[in-house]
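Visitor: This structure is in structure tokens; I'll ask about it shortly.
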């Protein structure tokens, strides 16, 4: 081989090495540039600074971690570290590593039917949440993740255009989910994954966080793979009081766990966000009438306003969601004496009424008030202390129907003629499931001429407290503790008579309370028997002789009762032998 060939080969090798080093430097530059861009995208989400390399390393090494509260998918909320979301696949991703945690580890039961509900509506098949699983090693084949540094609350809104759903299904559950978990606060960010646009009441959702809530569609602009450093998925349902009839006809939930105290605490928070100060010294009593402009109209509204003003000697004010700002409506309701409205979502604003106020709900012809009670249930929650009145139009000549409208507005022309005639002749809509029952829609979208004398009579016969006295101090019912130092002494007189002397001390908390009526309930049960003898007593000791037998063992339970309805816990059982 000649010297020129060797030199040429050496030159090629040197050039190749230089080019390779240049390419590696260029690749490294692009990687750094990409990481800077991903860091910038993360910074756009939040002011929290994030170390991108450290976050990526933690995701690869630790994978996703999940710990949930709740036994069933209907009451479960899950806390995640490094839960990811593919905006292309529209799937949440759980990355497995040796350090991953998944509690509960349900295996295939996670799909029966889901890990959890994304909304506060129980077990609705459009609201289920789950994730797909991948090994953390798969990250090398996927788009570089964009990390979300904010603590995230990931959920579905159920129907953001309906005010009842906004408050009952979304705002109240969000508010108390934030109270429930220490990591969540008003610096957390809300992520709405149901796919709706902002909706009519988006400004109300903004009160739940100091950061702009993000919609599912907006996530695509942030990156192809989003990873939430810390997130909570799902909502607490503890504040919900109503079920909408997806499985059985609608009605109050079987086990209501919220009271008016929690509702009013939330209402106070909302009023603060709306910059409304409650006027405790407002002297003038007035009635608010909710007016509707599209359907379910009160056709003699002006006449009704005048009659209410004359009958109750109060000013009457008309408001509507279309013509008044939400803050103006709440400001008026917060000092109102009475709210009158046709059945509809706007009645959820009754949660802003002062204690003692009257809620009058009007129902069109054929709609049984006992079958549709979300606002009655709200008004009568313990601690809400609202007076609720339901009035139904029972006169068919006072209703205006619209059979030619589209079906979703109560039209029935799409039905067979025989079915149309049956619906028109029907006197009452039978109980039904949600949400497209044509007879229900036909009747609920009627307009109504209110029989004013009938309505006033119903109000006066139902309202027991004098109107305008709502600003008195109201006391929340507090429950007694256990009675203390309970004792039992038995005595027998021969073989035919015996007595039990039972005594106890007052509950410890009674000495700090002013209670009008204090009673004690005593149960006496012969050991081995299923039945017992109950007694209600005013004193703290009593000698029982009726039905007490010698040479017999008795079990004795004692508890305190405040004001006839507030039942305390039973003290430890006493065992007494005669």
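Each Cβ is built from the backbone N, Cα and C atoms, and glycine gets one as well.
Just lifted these from Swiss-Prot, have a look:
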TOPO_DOM  1-4  topological domain 'Cytoplasmic'
TRANSMEM  5-25  transmembrane segment
TOPO_DOM  26-578  topological domain 'Lumenal'
CARBOHYD  98  N-linked glycosylation site
CARBOHYD  275  N-linked glycosylation site
CARBOHYD  335  N-linked glycosylation site
CARBOHYD  451  N-linked glycosylation site
DOMAIN    484-578  domain 'Fibronectin type-III'
CARBOHYD  541  N-linked glycosylation site
CARBOHYD  563  N-linked glycosylation site
Visitor: Name the residues of the same chain, 6+ apart in sequence, whose Cβ is under 8 Å from the Cβ of residue 451 (N-linked glycosylation site)?
Guide: 393, 395, 398
Visitor: Sort the glycosylation sites 98, 275, 541, 563 by C-alpha distance from residue 335 (N-linked glycosylation site) and give me just the closest.
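Guide: Closest by Cα: 275.
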Visitor: Under 8 Å Cβ to Cβ from residue 98 (N-linked glycosylation site), same chain, six or more residues apart: give me those in sequence order, or none if nothing qualifies.
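Guide: Result: 63.
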Visitor: Sequence gap of 6 or more, Cβ distance under 8 Å: name the residues on the same chain that satisfy this around residue 275 (N-linked glycosylation site), in order along the sequence.
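Guide: Set apart from residue 275 (N-linked glycosylation site) by at least 6 residues yet with Cβ under 8 Å, we have 327.
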Visitor: I'm trying to understand the geometry here, so how far is the Cα atom of residue 563 (N-linked glycosylation site) from the Cα atom of residue 541 (N-linked glycosylation site), in Å to the nearest whole number?
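Guide: Between the alpha carbons of residue 563 (N-linked glycosylation site) and residue 541 (N-linked glycosylation site) there are 20 Å.
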Visitor: Of the residues in the domain 'Fibronectin type-III' (484-578), how many are helix, strand and coil by DSSP?
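Guide: Residue counts in helix, strand and coil order: 5 helix, 53 strand, 37 coil.
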Visitor: Which residues does residue 541 (N-linked glycosylation site) neighbour through Cβ under 8 Å, counting only same-chain ones at least six apart?
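Guide: Once residues fewer than 6 apart are set aside, residue 541 (N-linked glycosylation site) is near 501, 502, 503, 504.
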Visitor: These are the glycosylation sites: 335, 563. Which one scores highest on other Cβ atoms within 10 Å?
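Guide: Sorting the candidates by Cβ neighbours within 10 Å, the top entry is 335.
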